[in-house]
Amino acid sequence: MASSEQPPVAAGTGGPDGGSLAGGGEAFGDRSLSQGLSVLVGLGLCVTMLGLGCAVELGQLGQQLRRPVGLLLALLGQFVAMPFLAFLLALIFALDEVAAVAVLLCGCCPGGNLSNLMSVLVDGDMNLSIIMTASSTLLALFLMPLCLWIYSRHWINTAVVQLLPLGAVSLTLGSTLLPIGLGVLIRYRHPRAADLLVKISLWSLLVTLVVLFILTGTMLGPDLLAHIPASVYAIAVLMPLAGYALGYGLATVFKMPPHCRRTVSLETGCQNVQLCTAILKLTFPPELIGAMYMFPLLYALFQSAEAGLFVLVYKMYGRDSYKQDTLGEEEDTDISYKKLKEEEVADTSYGTVTTEEHNSIQMEPTQTAL
């Protein structure tokens, strides 16, 4: 029957869910909201990168260059552990090439701004968090295309991988350097304005994700769930959780203190989903990538929920130990202060100084019992 015929789709979007993925792509391509999504994604990415630049101080960069622990952790976490984890999950769940590319792309992304906010809530090291996010973003300019090229070899004979726009990925990453640089300049010249822009960027992250969910749901309608396999939902749940665990283990290997371990954990599991969404939306044809455009949004949903649970558990059980450590440091300071006061009292036991008026000082002898 004529009504059962489907329009031709790009080769390589087959597999278990190839037809449904293509249907999702047609929904993106046929509706006028697609252009609005592109503009929203681009603006959201620029605001996020501007906020990231505003959070970076030049003095912190100089310290990290002298002792580049944060740079090394960002390199190992974001471009060794997470890409390999994404590749492993894609193989375990036997994803088709379209879903595998979406998962790999998310796994190869640098860290996102969500980790900076969550680090504050778990009493983490904010300097370390910001430096890891900024350095991973800069490293992504070279390492993200390299990781995509390495881990996509398994699906090299498929159309989606043969058309993988590594040049466009690099161009998108390069375009983020301008707002980052502008943010660093604003922080240097106008610190108060930079603080305000950081807050705006964090709120824009939330607003952008909510609007993307609403618009995408409107475009795909009730067929959205049918376009995304259950295995992709499982990966969206497991991948950030495993990333948090890998980051904590990595920081433990480096023998970092507990608050730094929490920071590295959040930095590793939280990906820059705005960047991933922008690359999928702006560089891949909609009929090719299909409903897998939704994967970074699902990842953002579950990474936020799991990070929220991380914060909740810390507030309930871990904060007491943090307070005890801080209290211990204060007690040491108090003891030293008390000893110093005792010494001062001993030194002045031969006499006391009294002041009766502003311009008169008298020495009164003290009697010492023999």
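Any Cβ shown, glycine's included, is placed from N, Cα and C.
Residues or ranges marked as transmembrane segment in TrEMBL: 37-59 (among others).
What TrEMBL records for 71-95 (among others) is transmembrane segment. Within the chain, the transmembrane segment (71-95) has long-range Cβ neighbours (under 8 A, six or more residues past its boundaries) at 64, 103-104, 106-111, 128, 131-133, 135-136, 139-140, 143-144, 147, 150-151, 154, 229, 231-232, 234-235, 238-239, 242-243, 246-247, 250-251, 254, 264, 267-268, 271.
Residues or ranges marked as transmembrane segment in TrEMBL: 128-151 (among others). Only residues 6 or more beyond the boundaries of the transmembrane segment (128-151), in the same chain, are considered here, and those with a CB under 8 A from a CB of the stretch are 49, 52-53, 55-56, 60-61, 64, 69-71, 73-75, 77-79, 83-84, 86-87, 104-105, 108-113, 115-116, 119, 164, 166, 169-170, 173-174, 176-177, 180, 260, 263-264, 266-267, 272, 275.
Tertiary proximity for the transmembrane segment (163-188) is limited to same-chain residues at least six positions away from its ends with a CB under 8 Å from its CB atoms, namely 12, 45-47, 49-58, 101, 134, 137-138, 140-141, 144-145, 148-149, 152, 194, 197, 275, 278-279, 282-284, 288. For 163-188 (among others), the entry in TrEMBL reads transmembrane segment.
Under the heading transmembrane segment, TrEMBL lists 200-220 (among others).
Sequence annotations record features per position, and here TrEMBL assigns transmembrane segment to 232-251 (among others). Sequence-distant contacts of the transmembrane segment (232-251) (same chain, six or more residues past either end, CB-CB distance under 8 Å): 73, 76-77, 81-82, 85-86, 89-90, 93, 95, 99, 102-103, 106-107, 260-271, 292, 295, 298-299, 301-303, 306-307, 310.
Marked as transmembrane segment by TrEMBL: 291-314 (among others).
Per TrEMBL, region 'Disordered' is recorded for 348-370.
Annotation source TrEMBL lists compositional bias 'Polar residues' at 349-370.
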